Amino acid sequence: MSSLDESSTKILVLGDSCVGKTSLCHCIAGGGEPPGGGRSFDSTIGATVVMAWHEYRAGTPEQRTELLELWDIGGMVAHRQAAQVFFEGAVGAILVHDLTNKRSEENLATWLTMLDGKPRGAAPKSSKDPAAVALKVDIESCNIPVLIVGTKADLVPHKGPVSYDRLHIDSLKIILRGSANSITLSRFFDSCLDRTRRTSLNSSSSSFFTKPRSMTPNLPGASASAAAAAANVTNRTMSPYTSVLMGS
Amino acid sequence: MDGLTDVDTKDANVMLGSLILFFATGWLFYTKQLFKNYEVHNRIVQFIFSLTFAFSCSLFELIIFEIAGVMAPLSRSRCWTFCLSLILITLVVVIPVYTSYLIIRGIVRKHLQLPLSIGLWLVFIYFFWKIGDPFPMLSPKHGIFTIEQVISRVGVVGVTIMAILSGFGAVNAPYCYMTFFTRPVEEFHVCQLEKKLAHTMDLIVLKKRKAARYELEKKRLSGEKTQKETTFFERFWDSFSEQSSGSTLASQIDRLKEEIIPLETLARFLFLDLVELRQMLNRVEFSKTFMGIYFNILGHFFSIYCIWKIFISFINIVFDRVGKVDPVTKTIEIGVHWMGIPLDISFWSQYISFFLVGVIAVTSVRGLLITMTKFFVSISNATSSLSNIIALLMAQIMGMYFVSSVLLMRMNVPEEYRTILTRILGDLKFNFYHRWFDVIFLISAVSSIVFLTLIHKSGSSMFRA
C-alpha cells in the first residue's frame, strides 16, 4: 500500500570529512554504485539529498511505503558552522565514522553537540578503551533518534561482531534484505517515522495543527532558547527497540 | 690530551642531547598537529620528518653557539660538518628516494618497484644538478660531490621558497589583521542568505520527491509489463505511443533531473558564500575584543614594515647595492653617533646579534610549522598514500628552507661572524643569494598584492548586496 502523502521525512547523515557518507547514502538508497558510475572521491560541499524508499513497519498490517530524505552534509571543518542551517526540521540522524580511523569516532561527540547543544566533552583524550569512547558518544541523551554507522568495513575484516545498536557497513555492497544490518536500519527508520506518525495519528483525534517533533539547530545567542521553547522538542528518547503499542 | 678528549665528549653529549630533543619535538608535532584528525599509519615518514626537523634546528643552534662562543672551536666545526652533510644527504638522497618509492608503489607490481624508484630518483638528481647551470653561484674550482656544490643548489631552491613565503606573508599579515579591510557584515545578512539557501534546498527536495515517486511508478509499471505476454504488434504500438506523447514517465523523470542539476550548483555556491559570510562575521566580532585591537595595531606595524621591505628590495635591485653593515651594528652606530648613547659597539653587537639570530630562528621555525599545519590539515584526507607524500614534500621544503635561512643569516650578523659562516659554508657567492632573494621577494609581494586586491574586489559585490 503506497502512501499518498506528499511529504517525506528528513534524516541527517553527519560525520567527518572522507568517512564515506555519500557512498553510504547511495548504499542505503539501494544502488550498488552511485549514479555516474565508478567511485569519485570529491568532497561534498554543502548538502546533497538522496531519496530512499523504506517499508514502514514491514510485516504488520500497518505496513506503508515511506519516502526518506537522506541529507548528506559535507563534513569539512571550515564548513561546520555554516552547515547548521541544514539541521532544521530533521527527525533523525545517522552519525558516520570510519572504521580505519579511530579519530573519526571520537569526533562524533562534536557532531552530537552540534545537533542538540549539550556540551559533551573532555573525556581523557588518550583513552584507547572502546567503552570510554562509546560513553563519550552518548546518543541516549539526544532528543532525536541517532544511529552510529562505521563504514569501510571491508578494510578491517578482523573486527569482531558489532553491538546491537551500531552498524558496520561496506558501502560498495548492497545491504541484503534480512541481514542484521538491514534489520537495525529498518528499526532506526521506523523509530524516526514514529516521531512524525505519532502526531498525525493523534491529530485525527485531538488538535488541528500538528507540528512534527523535529530538530531545531543549535543556534548561538538568545535565539536558541526562544526557538527551543517554540518548537515541540521532547526530551524523551525513543530507543529503536521499544515496541510501540498499537493505538497508543 | 686527556683534557681535550674530555671537552670533546662533553660537546658531543651536548650535541647529541639537543638532537634527541629536537627529534622528539618533531615527532610530537607530527602526531599532534599535522595528523590531528587522522591516524599515523606510516611510521617511516614520521621518522624522516622528525630527522629533518632535528637536523634543521641543530643548524640554528650551532649558529647561536658560534656567536655565543659555547663549545670548543674544533668540536664546533666538526659538528658543523657533521650536521650539514647529514642534512644534505637527507634532502638529496633519503627523502627523494622514499618519495619516488611511495609514488611508484601505488602503480607498479612488486618486481619493478625498486628499480623504477631508483630510476625516478636519478631523474630527480639530473634536474637537481641542472639547476646549477643558469646561475653564477659557485667559483669554478670545486669538485663535483663536495658540500659546496650541493649547498649551492639547495640554497637556490630554498631561497626561492623563502622569498615567496615572506612576500606573501608580508602582504597577507596586514590584510588579515587590520580592520580597514573587514567589511560591514551583520547578522541579518547571514539570516537572509540562510533563508535563500533553505528555499533552494526545499525546491531541490520537492523535485527529487517527485522524481522518486515517478521512478517507483515506472518500476511498478515495467514490472507489470514484463509479466504479460506481449506480442510483436503490442510492443511496437507501445514504443510508438511512448515516443509520440511527450509526458511519459521516463521523459518527466529526465526533465526533473535536468532541472535539479542547476539548482544543486546554485545551492553549492550559496553555501560557499554563507561560509565566507560567517567567517567575515567571526572576524568582525573578533576585532572588537582586546586581542582583536592588539592585532589591529600589530597589522599597522606590519604594513609599514612590508612597504619598507618592498622599497628596500627595489632599491637594492635597481642600484645593485649590497648592504655592507648588518642592521644590528648599524643601529648601534646610529645610536652612538647621532644620539650620543654611550655604548660599546663590539661588546653589545655580540649580544644583540645573538638575540636577533635567536628571535629570527624561533619565529621562522614557528611560522613555517604553523603554515604547514594549516595547509596540511586543510588538504589532507584519509587517502593515506597522498598525505604521506605531502608530508615528505613538507619535510623536504622545511629542510631546504632552514638551510637557506642559515645562508641568508649571514647578512644579519656582524663582520667577524660572517667570516666564520663563510668558512663553514664554503666559498659561495653570497651576494648572488641576497640579490636572488630580493628579486623573488619583490615579485611575490607584488603578485600577492594584485591577487588580494582581485579577491577583495570580487567579494565586495556579494557583501554590498
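Glycine residues also receive a Cβ, built from the backbone N, Cα and C atoms like all the rest.
Database features (TrEMBL):
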type     : residues  : note
TRANSMEM : B:12-30   : transmembrane segment
TRANSMEM : B:51-72   : transmembrane segment
TRANSMEM : B:84-104  : transmembrane segment
TRANSMEM : B:111-131 : transmembrane segment
DOMAIN   : B:144-210 : domain 'Golgi pH regulator conserved'
TRANSMEM : B:151-173 : transmembrane segment
DOMAIN   : B:286-456 : domain 'Abscisic acid G-protein coupled receptor-like'
TRANSMEM : B:293-319 : transmembrane segment
TRANSMEM : B:348-369 : transmembrane segment
TRANSMEM : B:389-413 : transmembrane segment
TRANSMEM : B:433-455 : transmembrane segment
Stretch of maximal Cβ-Cβ contact with the transmembrane segment (B:389-413) [cut-off: under 8 Å; candidates B:12-30, B:151-173, B:433-455]: B:151-173
For the transmembrane segment (B:433-455), sequence-distant contacts whose Cβ falls under 8 Å of one of its Cβ atoms, 6 or more beyond its ends: 135, 137, 155-156, 159-160, 162-168, 170-172, 175, 306, 309-310, 313-314, 316-317, 320, 322-323, 404, 407-408, 411
Helix, strand and coil residues within the domain 'Golgi pH regulator conserved' (B:144-210) as assigned by DSSP: 58 helix, 0 strand, 9 coil
The transmembrane segment (B:51-72) versus listed stretches B:84-104, B:111-131, B:151-173, B:293-319: most Cβ pairs under 8 Å: B:84-104
Candidate ranges B:84-104, B:111-131, B:293-319 - greatest C-beta contact count to the transmembrane segment (B:151-173) (under 8 angstroms): B:293-319
Chain residues outside the transmembrane segment (B:84-104) and at least six past its termini with a C-beta under 8 angstroms from it: 44-45, 48, 51-52, 55-56, 59, 112-114, 116-118, 120-121, 124-125, 128, 147, 150-151, 154, 385, 388-389, 392-393, 395-396, 399-400, 403, 424-425
Local confidence of the prediction over the domain 'Golgi pH regulator conserved' (B:144-210), expressed as mean pLDDT: 82
